Ligand code: SAH
């Protein structure tokens, strides 16, 4: 069964957005994956279809109501649906390539997009939402985070891209960042190509790429190579495979 994404949002017109073009868009049209955006406001309260209210205990901003969100989720997703239910949230588990692979291996995702100050905590518990973050910064809503997550997933669906996307050479796939890439021309503004790449010696090229990947990773992301002092994130990079999520 193709990968199915159901999105709960106050801005359904943001979907598929950029995922409607290029390879992801082509795959959407040919049915390699599907996406449905649901308007949370349809389950809003009263004549004004209110979806939010002020925070209990006071403070700035507005909070998405748990009853409204739950009604929206229940209408969009049957109870027996076993897909993971995600809530985009800066407090969540940080999205990484290992988690993307895990999601793509399943039947799809249900994604709730927060807005304002966030959502009433009780709906997270009551509907079993898993919070997922795209990074340590704050967006104005979960929609762009959901698009990022879906883009990372969709490119791994078999048939969406050429074989390069599923290869083990890409950044993070083997616990390393990718080696530098080059193409034509052979010389540009006085810069040539690395000797090894011109050698035609496949073993030598592979060795050079591996060395470069290790060098760049050590320089830029030593956390991918060594266990963190807390022992949580960034465990030891196991050769030939991606490190586990946290
Ligand atoms: N007050 C919240 C931030 C709310 S931002 C806090 O401090 O944690 C509004 C919405 O944007 C969130 O509910 C979430 O859905 C989305 N969002 C913001 N930053 C995000 C991030 N880094 N990753 C995923 N979703 C994010």
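The backbone N, Cα and C atoms fix where each Cβ goes, glycine too.
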Cross-ref TrEMBL: S-adenosyl-L-methionine site 134, 135, 136, 137, 138, 139; candidate in list 114, 126, 159 matching that site is 114
Among the residue ranges 187-216, 217-246, I'd like the one that TrEMBL describes as region 'Disordered'. 217-246
Validating a neighbour-count step here. Other CB atoms within 10 A of the CB of residue 138 (S-adenosyl-L-methionine binding site): how many? 7
Under a three-state DSSP reduction, the secondary structure at residue 134 (S-adenosyl-L-methionine binding site) is coil
